[in-house]
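Read the structure below first, then the notes.
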Amino acid sequence: MAEVDAKFESSSASSKVGEDKCSEWTTVVSKTGTKGKLSQNGVEDTWLNPLFRIGYNRRLEEHDMYKVLPEDGSERLGEDLQWYWDQEVQWAAKDLRTPRLTRVLIACYWRSYSVIGIFTLIEEIIKVIQPVLLGKLIRYFESYDPDNMDALYEACGYAAGVSLSTLGLAALHHLYFYHVQRAGMKIRVAMCHMIYRKALCLNSTALGKTTTGQIVNLLSNDVNKFDEVTIFLHFLWVGPLQAAAVMVLLWYEIGPSCLAGMAVLVFLMPIQTLFGRLFSSFRGTTAALTDNRIRTMNEVVSGIRIIKMYAWEKPFAALVDEVRRKEISKIMKSSYLRGLNMASFFVASKIIVFITFTVYVLMGNRISASRVFVAVSLYGAVRLTVTLFFPNAVEKVSEALISIRRIKVNSSLLSTILGELTPDKGVVKFKGELTYASQQPWIFPGTIRSNILFGKALHPQKYERVLRACALKRDMELLPDGDLEVIGDRGATLSGGQKARVSLARAVYQDADIYLLDDPLSAVDAEVGKHLFEQCICGLLRKKPRILVTHQLQYLKAADQILVLKEVSVSVCMRTGGSNAVPYHLYSWVPVQHVLEESRSEGTIGLHLYLKYFRAGANVLVLLALVFLNLLAHVSVLMYSPDVFVSFCTLFCLCIGLTGATIVFGFLRSLVFFNVLVNSAQTLHNRMFTAILRTPVRFFDINPIGRILNRFSKDIGYLDSLLPWTFVDFIQVFLQILGVIIVAAAVIPWILIPVVPLLVVFLFLRRYFLQTSRDIKRLESTTRSPVFTHLSSSLQGLWTIRAFKAQQRFQQAFDAHQDLHSEAWFLFLTTSRWFALRLDGICSIFVTLTTFGCLFLRDDLKAGAVGLALSYAVTLVGMFQWGVRQSAEVENMMTSVERVVEYTELESEAPWETDKRPPPDWPRHGFITFDQVNFSYYADSPPVLKNITAVFRSREKVGIVGRTGAGKSSLISALFRLAEPDGRISIDGVLTAEIGLHTLRQRISIIPQDPVLFTGTMRKNLDPFSQHTDEDLWNALGEVQLRTVVEELPGRLETMLAESGSNFSVGQRQLVCLARAILRRNKILIIDEATANVDPRTDGLIQQTIREKFRECTVLTIAHRLNTIIDCDRILVLDAGRIQEYDEPYVLLQNQEGVFYQMVQQTGKAEAASLMTIPELGVYLILWLTVFTCFPLCACIRVAKILELDKRKNNSVSIAILNECFVCIKFILL
């Protein structure tokens, strides 16, 4: 029983919590108000009965869970550990050494953990005593005398001892594991608290060396090693003590022959210890590869729009596949080691018994039933400790040490003021409270109100003023839930302008002393920008110091001081704004896509899911071969029972054959099984990633990044390691149960009488337990996602969090997410303990009935039959309850397979390639037609583009403008088919809906609003398909004036970029995107707000490069800066998803009632006058070019004709030539 329980705890260690106070009772309260008494000694668990009744009748929800115990709270545990860490840092500084996290953990937890060792010591003592009692009872039957009542009474005492020891083992076992799991849970939760706390303190330099994927992996996989190491750690000292005690008892029973069996154990122990060390080394390598994979996944999910528009899914799939293959290679080797470990444990007892009694007989001894069964039982007890627990302890300690080593972590002007960058020299001083609006707006998952308040109390009047000043009032009125609308991760459900206004509103609401505003106007159009500047920056904030970073020079006239840095202009505005604001009701609005709750399945795990799981790992023939190997391995065991040694001499050769068969088939079975299941994990991961790449972008808008990463980290982690181990163990135990029943029934048929009702009771309990346990496991998975989402979101907004001094509040939010997860985790553990305790109770009763039943039938039973009956009673019942529990554990873990399979079946966008392929040089002209196009981002949502009909001529330069939310980016989304539009869009006569997405997207270049670079080399960022030569790459970099910058990098084109390209400025990243467009050499170029966040010099460079390199291309430019599109051939004006105007700039500016004219006027008098002049100059320039080229040319042609005519007619030409010259001069003067 202890053996199977230890296996259970090992396989489920990452899913356990417990209690450590042995004498206290705590009232637990569910969120619906249901109360119960939680016994902290780990045995009394009737408080769970109401929960099981609820779970049996309906699906459990979050509000059904009990609140986390105060002493298990994340904040309390984390702060306790943090205190010890601070002490260690001080001591290390005095000793001039590096602080050691291992010392901190020992100092914090050694006292409470040491006390738990008493339980396992007593348990192991009982394990040693029980076989002795069993031997005494069997000797009674060997020397049975019906008239000797004293012997009968003594035998009854031994029977009572066997029964009580079984009960004692059950109680102590659960008590021990209850407390060690709680100790592991405490360490894990405390470490997560400290990791997040450290992440909030990372400066820009440290953050550049740390990836989000690495931190997510620490929280999803590394910390779980603390759950596992606490289970086995005590066996490092209990194991040797037990081995010594068993050797003494064995010497007493069978003399020196025991040394042969112990020699096998001593031989196996270093081998399995070596396996443990090898496993830990593979674990270290695997963890680094998993970091890399999760980091790549984080970048893919964050930049999925760019990846889809560039049609880069395949190179990213190849990148992830390469990392995953390396990772799975290490996992496969680890799994083979586990398989060898399990197989050696499986065959060790057979080898030990065979060698021991071979030596015993060869030494001239006679075998008796009592000696055989006592020796086998004693070997079983010590074998479990020496060949399973002790090596596991070594393995888990090594893994924990690796995790500890991995866990231990040691806009330029504004970031220096904020403290994000350390100044090389000089001092930065400021007095008062700072607040900050970042250049790239940071929105965290939650309501719009929570994003604006950011922890401050709600004051309705002040809140209304901020909404109006930041032009958000109309948006709030149009949203279904107003400002309580829940927005997605990174604000994915909001437009760029809406995110910018929410970010600004957050800063304004803080009521700080100093406001740092990092270009908050770049993402909005001129009208909204003017409103924000006048009503907010120079209105609501007019009495506060404001440092405004801006590239829009028209606002500098309102500044008190202007600080010009190299390539950057900074203005400080400290005066009341001027003219009246533009009415906020003119702003357009884009429908917000709601963030969906994470889906959670209901009911049982169907057989079809198991079939999908196995078929993902192997074909039918391999699976049939696996079944055959399992049967062969266990047929050998069936024929191999202790009773054969009574007639040892006659069966010696048979025993050698059976031992050999057991070893060969046992090892083969384990290795093949692990191979199949790890291959299943690989296949399902690849299918899930492929489905993620193929699903429409709306999926990423309504699912937070943490939710997606949860499946690729935690759930895939289960499939990689825990589930294969548990599945193999379950199959092995199930076949052993079957074999034991067959052998036992053949020897003692009446043992089947209690087995049948026992099986019925077990199956009923299993069904009752699983109804609740499955839901709790699913809740544990879904409550885990917010932890990762909060972490990822916090890392993206570190500057803002620290500028607002909100670290403590975000730490508390993280602790709250952890506590919610701990509620589900705790219930999963305690419900599993509830189930196991009842199974063990029934088992103990069965052992008691069998033991006293043998005494009742003493006249009809032989000693060998009694020994077999009693040993198999203990073994069978232990296996029964273990098999039932493992089957439940397999089904619980299959929820991870269920979650992965769910993502493999996501809705897919249109095919990447179709049979209809345009010519290789398509498009040759870049002629684009929109014909009655309507566009929605998802079904049943209102259209964001309405009846769009427009033509973009070949080589035409078209500017697309409109207020925030007018549908500009949606027009590009429709062209790229990020969602399928209604209507007809054609390019050079080819309908885009009829060709593959990659065929379409690869032929259109885009420079996006948010420049995205990925971790990898500069070469891969420019040319992921390796289609261009080095000369092409350097030329492209030269065209955008980045060649010198890249040449100065350590590895030049092979230099590895930081996560998201954070070691480049925003302007440099935008230039890299421009270089990508140059390399693609397409006839169509889309520029989506590409210069919104760059300085005027970079803006000018981009515009100049576009004019020179894309002169022969059709260029569509979306811009808020009207000066970037005022010289376009035509301008398309959108409003509320409809075309309002579409004509040449000069023509549009003649209509003073037009939308475009109004937008120009809203830029300010000076800027408007400048913008009005450019189209007029263009018209005059065209006229003068016509005069100085066309008319002189016509005159020359005319003169040539006169000369030709004169030759034929032989007339004078002088008068005719003078007349023609006079005509030309007259026209020029006019």
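Placement of Cβ uses the backbone N, Cα and C atoms for every residue, glycine included.
When the ranges 369-390, 1073-1094 are checked against TrEMBL, the one recorded as transmembrane segment is 369-390. Summarising model confidence by region, the domain 'ABC transporter' (928-1161) averages a pLDDT of 82. The transmembrane segment (741-765) shares more Cβ pairs under 8 Å with 864-884 than with any other stretch in the list 258-279, 340-363, 369-390, 835-857, 864-884. Of the recorded ranges 158-178, 231-252, 258-279, 340-363, 835-857, the transmembrane segment (369-390) has the largest number of C-beta contacts under 8 angstroms with 231-252. Tertiary neighbourhood of the transmembrane segment (231-252): same-chain residues 6, 9-10, 13, 113, 116-117, 120-121, 124-125, 127-128, 131-132, 177, 180-181, 184, 258, 261-262, 265, 374-375, 378-379, 381-382, 385-386, 389-390, 392-394, 396-397, selected by CB-CB distance under 8 Å and a gap of 6+ residues from either end.
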